[in-house]
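**Student:** Quick one: structure below, then a few questions.
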Amino acid sequence: MSDASQGLRLYNTLTRAKTDFVPIDALNVRMYVCGPTVYDFAHIGNARPVIVFDVLFRLLRHLYGQAHVTYVRNITDVDDKINARALRDFGSEISAGKLSLNEAIRRVTEKTADQFHRDVATLGCLEPTVEPRATEFVEPRADGKADMITLIQSLIKRGHAYAAAGEVLFDTASMPDYGQLSKRNLDEQQAGARVAVDAHKKNPGDFVLWKLSSPEEPGWQSPWGRGRPGWHIECSAMSAAYLGEVFDIHGGGLDLIFPHHENEIAQSRCAHGTSVMANVWMHNGFLQVEGQKMSKSLGNFYSIHELLETETFGGRSWPGEVLRLAMLMTHYREPIDFSVRKLEEAENTLRKWKRAADLAPAAGQLPVEVIDALSDDLATYAAFQVLTQLAGEAADGNEAAAALKASLLFLGFDVASADIDEDGVAKAIANRLALIAAKNWTEADRIRDELLAQGVQLKDGKDPVTGERITTWEVKR
């Protein structure tokens, strides 16, 4: 096992194997996860990757240090579904000339993105390091970060894309190993899964990089006329902008393997001339509701907001931390049956854990057994077995209760005690400042992460008079 792996093993969809995770640069671990397309409130299926990769983000920060992990999760705010929603919701105002389509689109995307942020915060998820919006990366940028138009130009120049019938398409036949992620070769490609077959395509599987916009539709000037990007090129640009041409981990739902992630790989590798886009590809399993596929036609389609704020599921609303635990009780790669019974089980389990954790006045050390379990391809079920054992051993003020409290905080559950050991925090801050002065960043980061696991958020600054580094803290709720 490489020292750089820190004992972490992850299942890689690309290789269909679980192997040691070795970052490209242990001081700059990089992860990209596909975020929401903001045309409608996120549904409970969307919640699963957000929660799963939040746990991985927390684990990576613990293993490599908070300052050494970059997590990018995008917002897709240009899409034909958004256009359709804007016309549906604001059609009369647009027809009356009171609102342009672009203004209506902005209202839809802002409202939906704001709700998404409220939802995921209630689910106990940390904010990603960066959250780029697709519309900010269409045209060449003043800061020189990757953009969609430049990537498309590179693909054309390298012989991997062509213009036809007002579109620019990726030539799948130009990439000999296209289909590597989904294990589909070109002979097996069938139309469907958001890949349209048209007469102007060289190959049935060729997909759109750029398409023309009507005068009313959102559009940007390009060498191929005023238009807008295809679905896949957006993530290739945003990941390259913040993580580089090759990075460590790319995540998302199982439904994105084909065509979205397959086409991301094709675009990025061919535009940059690299052998990979990301070294590890991770995908969470599908979600059913009460044993059936979630579908509006079946009447079992629920948004995160509905579960949190209304009584439409099980005749009651549900706390965000209950939804979080219910999602994590099943291994992320396995399918999950989301049911009232599962939520009730999660709520009862969480109640028992919290009751035991309350026996400790403050969080203790994070048990190595919890980290070991999570380091085995995010085996949350094994980590929860440790928590249940600690709950059984917990007594007033003992180590088991303190370790349980630390574990719950680390996993994103709010059990921070108001009774913080202030002297202990002060000593830890002093030690950290000494380590920073000695340029021992790794140990300084570890102290910060351990305090955060105990519910203590550090804030670094400078004394306005002396200019010396100072650190304040607050209880993170």
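Quick reminder: no glycine exception, Cβ is built from N, Cα and C everywhere.
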**Student:** Which stretch, out of 198-202, 293-297, 313-317, is listed as motif ''KMSKS' region' by Swiss-Prot?
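**Tutor:** Residues 293-297 are the ones Swiss-Prot records as motif ''KMSKS' region'.
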**Student:** Taking the center of the Cβ atoms of C34, C235, H260, E264 at the recorded Zn(2+) site, which other residues in this chain have a Cβ no more than 8 Å from that point?
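**Tutor:** Checked against the 8 Å cutoff, the neighbours are W231, H232, E234, S236, H250, G252, L256, H261, N263.
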**Student:** Using CB atoms and a 10 A radius, I'd like the single residue among the binding-site residues C34, C235 with the highest neighbour count.
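**Tutor:** Within the set of binding-site residues, the most crowded position is C235.
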**Student:** Hey, which bits of the same chain come close to the motif ''KMSKS' region' (293-297), Cβ under 8 Å, at least six residues off its ends?
**Tutor:** 43-45, 287, 338
**Student:** Mind giving me a neighbour count for K296 (ATP binding site)? Other Cβ atoms within 10 Å of its Cβ, every protein chain shown.
**Tutor:** 8
**Student:** Report, in whole Å, the straight Cα-to-Cα distance of K296 (ATP binding site) from C235 (Zn(2+) binding site).
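**Tutor:** It is 28 Å, counting Cα to Cα.
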**Student:** Round to the nearest Å and give the CA-to-CA distance linking K296 (ATP binding site) with C34 (Zn(2+) binding site).
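**Tutor:** With distance taken Cα to Cα, C34 (Zn(2+) binding site) is 23 Å from K296 (ATP binding site).
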**Student:** Need the DSSP three-state call for H260 (Zn(2+) binding site) to compare against my parser.
**Tutor:** helix
**Student:** Counting only other Cβ atoms and using a 10 Å cut-off, which of the binding-site residues H260, E264 scores lowest?
**Tutor:** H260
